[in-house]
Amino acid sequence: MDRKRSCTLCGGAVMLLLLLGHMTNALEVPLDPKVLEGLPQPPTITHQSPKDYIIDPRENIIIHCEAKGKPHPSFSWTRNGTHFDVEKDSKVIMKPNSGTLVIDISGEKAEAYEGVYQCIARNEHGSALSNNIVIRQSRSPLWSKEKVEPITVQRGMSLVLQCRPPAGLPPPIIFWMDNNFQRLPQNSRVSQALNGDLYFSNVLMDDNRNDYICYARFPHTQTIQQKQPITVNVLDIEAMNDTVLAAFLNGSDFWGDSPSGERAPTFMQPPGMHSTSMVLKGDTLQLECLADGLPTPDISWSKVNGELPSGRFSFHSFQKTLKITEVTDADGGDYRCLARNRLGSNHHIITVVVRAAPFWISAPQNLILAPKESGMLTCRADGNPKPTVTWSVNGIPIENSHKDPSRKIENGNIILSDVQTGSSAVYQCNASNEYGYLLGNAFVSVLAEPPRVLTPPNHVYSVITNSRALLDCASFGSPLPKITWFKNGQSVLDGDLYIIHKNNTLEINVARPVHSGKYTCIASNSLGNKENHVYLEVKEPTRILRQPEYKVVQRNSVAEFECKVKHDPTLIPSMIWLKDNMELPDDSRFEVGSDSLTIRDVREDDEGNYTCIRNTTLDQDSASAMLTVVEQPDPPTDLELTDQREHSVRLTWTPGYENNSPIQLFLIQYEDSLHKPGVWVNMTEVSGTRTTVNLELSPYVYYSFRVLALNEVGLSQPSAPSRQYRTNPAQPDVNPSDVEVVGTSPDSLTITWRELTGLESNGPGLQYNVSWRQKDVDQQWNSLSLANVSQYVVTGTPTFTPYEVTVQAVNDYGPGPTPEVVLGYSGEDLPTMAPENVKVSVQNGTMAVVSWDAVPLSTVQGRLNGYKVSYWKLRSLHKQDPEPKKPQELIFQENETESLLLGLHPYSQYNLNIRAFNGKGDGPSSPNQIFETPEGVPGPPADLKVENLNLDSLVVKWAPPVEYNGHLTGYLFKYQPINTTDELGPLKELLLAANETSVTLDNLKHSTRYKFYLNAKTVKGYGPTVTEEGVTIMDEAMTSKQVDIATQGWFIGLMCAIALLILVLLIVCFIKRNKGGKYPVKEKEDAHQDPEIQPMKDDDGTFGEYSDTEDHKPLKGSRTPSNGTVKKDDSDDSLVDYGEGGDGQFNEDGSFIGQYSGKKEKDTAEGNESSEAPSPVNAMNSFV
């Protein structure tokens, strides 16, 4: 049974492809010398020179021929169909281990080596042939000498200047130039044809010249040759008489025998109505149409019954040439060339015939067969006309080769069956027609090899989640091995999840983390098995989490793009930033961070598209954002003044570049070079979409205008000024504004105004006519003219008299409009009379009412502004004030004659007067009025404090009020207890005499907080209350109510530990004392005679309960402060006090107490001590 055999490749391993089942072609792959070393292989041509090889006669000839095979092939050549003995020609060298020929042509003519060469590579398994290589020498022959006669042509006629260069190999490149080596200009009227001739559709007088030169450049020899210059004379026959025309035509060719007037198009090339063009399939087709006519015709192209091939056609030489690349069979057919001018049109049909040199449909492929297998070599080619196919074996036509019973030819294919070892050979297929040939070599190699897996073992494949995974299992064997895949010991079947390709590659179309693991492929044939393990790792994809965003920034600012990424932790990412898909500029202003790009001092050329690319070894992600740089607009240009009138003009301009920020408005400014040169003034604004504005103008101004553009960034620089525009003078159209009439003294009147600007003057000779007269008096206006001033003072006026005033502008061309009348008054004088009938009515200790009579207006001598009431405290009626108070002043309107005086001090004496005032100042004061305020309630007592706190008594002290506000009649004292939750107890009151400043409270509760209230009193009542708080001290007897700490277990244990420690210390001290030493404890005993023993506290803060028949007395040296706490004395650690000479005692529960409560023997000199030893309870109470 026939089987298809193939060989697959992975990682540079080279494999052979075997033929399987249906005798289809196998792919030839180079052998891997490391893996397949020693396997035989027939020769294969790997490199050869082109079929048509044009050589440069100045260089050595190199004819390439390289081949591979096992064993390495040997090489030989044929020339013109016969054996070429290389060794006999000393000029020819064959490179070692190669078939390449190097022919030294120095001293020889290259023509001697022209011919058809073919290379044969052979070894013991067969022979391979190269193409027939045609060697031809490049040629650049000289231009044949010819006499070129001047050409005379009538203006308007067509003309062809022929080039006709010598035939070269390859053909030369043609171009036309003048004597200065400048290309002659070409256009739709004058153009070069494909054959190199220069065509004129019609000639002009400008075509007269004597240096039309055709040049031919031969590319292989890099030589340029030129034709003799051609002279063209263009005649305008209609402007010449016969004598002049005859003289001009003497000795020159005359081109054209018909009138030179306008005419419809006709075709010069190709001529007639129809032509044919042949092109080979795959080549480039060029069709041209050259037409004469006047005016110059326009050329257009179309395909009859079809469309021009999209993407493959183009027009050249001013639409005169149609170019179609990569010609296909469909490009055959009729093409219409249409020439048209205003007098008519004409067309030409070109029929394109497509032929084809032979081309492969299925070239013969190498076969590797196992012994007794079958296979087939195919050779399918096509062309137009249909090529002829012939077979050869090892370079010998198959019909002339030795007969092989395992080989036969059917339908142009070679069928091999039951092949035997040693029947390897190289077969050649030749397909040819009149336009060329194809030669294909294919070897048949018969091998018997066990399976080999060529994929490296334990190879790790890494892919990204959801991407495609391809696991290779490249193998070799003959017969072709069968491949089986396993994952973690489980068989992998071809299906939706897994795809096994023909080359045995295992594909996982959408890889997931679950697909990670170990994969095994097993290659097996009749000669054995081979397995290989590979591993798949599926990684997390790289994703940009925060993409760069579109930025609009101003020039010289900072732009920052972010690019934050998530990636597989086992992959190392890299960051690349691009600008407009190119590398970033090498500029220190660009700072690339781990996840950002910062551009400092942004410039205009930084604008563009920035792309962040995050790469890993497996994948990448990218994101882009635009950077737009904005700045102020460029200034407008091309200012123009149009529509010029007496009082208006139209200004037009061209906007400058917006710099990426739309223009919002245009600001128009003007300069008045007559009145304010160099000063630019804002005139008007217009929308950013407008480029013209009509400007209203003032007379007698020398205007220059400029325009500024505004966008979001700011104003542009000003445009260049417009030309100056002068308006004619006229009389003023406005009068001075802000006219004011002010009286500055009793006998004068000051008139002020705002002067007109130069723009408002409207003409030369500007003055101001100032007129005034007394109002409501029958008298003439007083007038005078002033210039360059803004005020005038009228003197000799009566005091505060109304006047009417006008100010009018006047120039050399007349007065301004009628001015408005302004009313004003002459100057004021001080009032002459004080208010009379001043009365004060005291309401209470802090308030009084004052009233007066208004002064007569005749005495004001101006405009009455109001009244000023001044009052001040003279003294207190209770005590002498250290110094009198400063006067207070109240101001009232002119229609007020009564007011309240608030904030007075009770029981005090005050003084008061009143005066009228106007704009000039104050009038005389009224006589002083003295009044007294009655008593009021007193102020709060001062310095309230609590002292001498005891168990059941305390003392409250205070100072009298700072403000008596009358005679004190006594104090109201109240107090009440406060419990631990701040609740108030019963309130008790005491009335105290005015001369008392303290009170002692007895029979109070111990350890209790009290709140005290105190008010001072006059006949008017009680003043404000002051408060204070105080606490009585704790009673010693309260300790008897505490829990007996001596009955607590923890206390007994603690006392036992202390007793044991003291016993040890006593023994140590006793030993030292017997030795006569003085120990430190003894020194402390001498310094501190009174022990103070503090029992331990229980968890609840109470003390142990002890009984004693003695009165409770505090220890000597202790004291009880007012807050109920006890300050501990300096020392309490004398061991003598505790133990030595004392009577040890135990309490009821047997605890050791003697060290604390035993009586201490003292010296008679220490008579201040109590005769009784202090009990632990007393010692405890002394600290409460």
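Along the chain as shown, the residues are counted starting at 1.
Positions of Cβ are set from backbone N, Cα and C atoms, glycine also.
The compositional bias 'Basic and acidic residues' annotation in TrEMBL covers 1080-1100.
Annotated domain 'Ig-like' per TrEMBL: 43-130 (among others), in sequence order.
As annotated by TrEMBL, domain 'Ig-like' applies to 141-231 (among others).
DSSP labels the residues of the domain 'Ig-like' (265-355) in these numbers: 3 helix, 57 strand, 31 coil. Summarising the annotation, TrEMBL assigns domain 'Ig-like' to 265-355 (among others).
Residues or ranges marked as domain 'Ig-like' in TrEMBL: 358-445 (among others).
Note on the domain 'Ig-like' (451-537): DSSP counts are 3 helix, 49 strand, 35 coil. What TrEMBL records for 451-537 (among others) is domain 'Ig-like'.
The domain 'Ig-like' feature in TrEMBL is assigned to 541-628 (among others).
Averaged across the domain 'Fibronectin type-III' (635-730), the predicted model reaches a pLDDT of 94. Summarising the annotation, TrEMBL assigns domain 'Fibronectin type-III' to 635-730 (among others).
What TrEMBL records for 735-829 (among others) is domain 'Fibronectin type-III'.
Under the heading domain 'Fibronectin type-III', TrEMBL lists 834-936 (among others).
Residues or ranges marked as domain 'Fibronectin type-III' by TrEMBL: 940-1036 (among others).
What TrEMBL records for 718-742 (among others) is region 'Disordered'.
Positions annotated as region 'Disordered' by TrEMBL: 1080-1184 (among others).
Here TrEMBL flags 1050-1071 as transmembrane segment.
For the domain 'Ig-like' (141-231), the neighbouring stretch richest in Cβ pairs under 8 Å, chosen from 43-130, 265-355, 735-829, 940-1036, is 265-355.
Most Cβ pairs under 8 A with the domain 'Ig-like' (358-445) among the ranges 43-130, 451-537, 735-829, 834-936 are made by 43-130.
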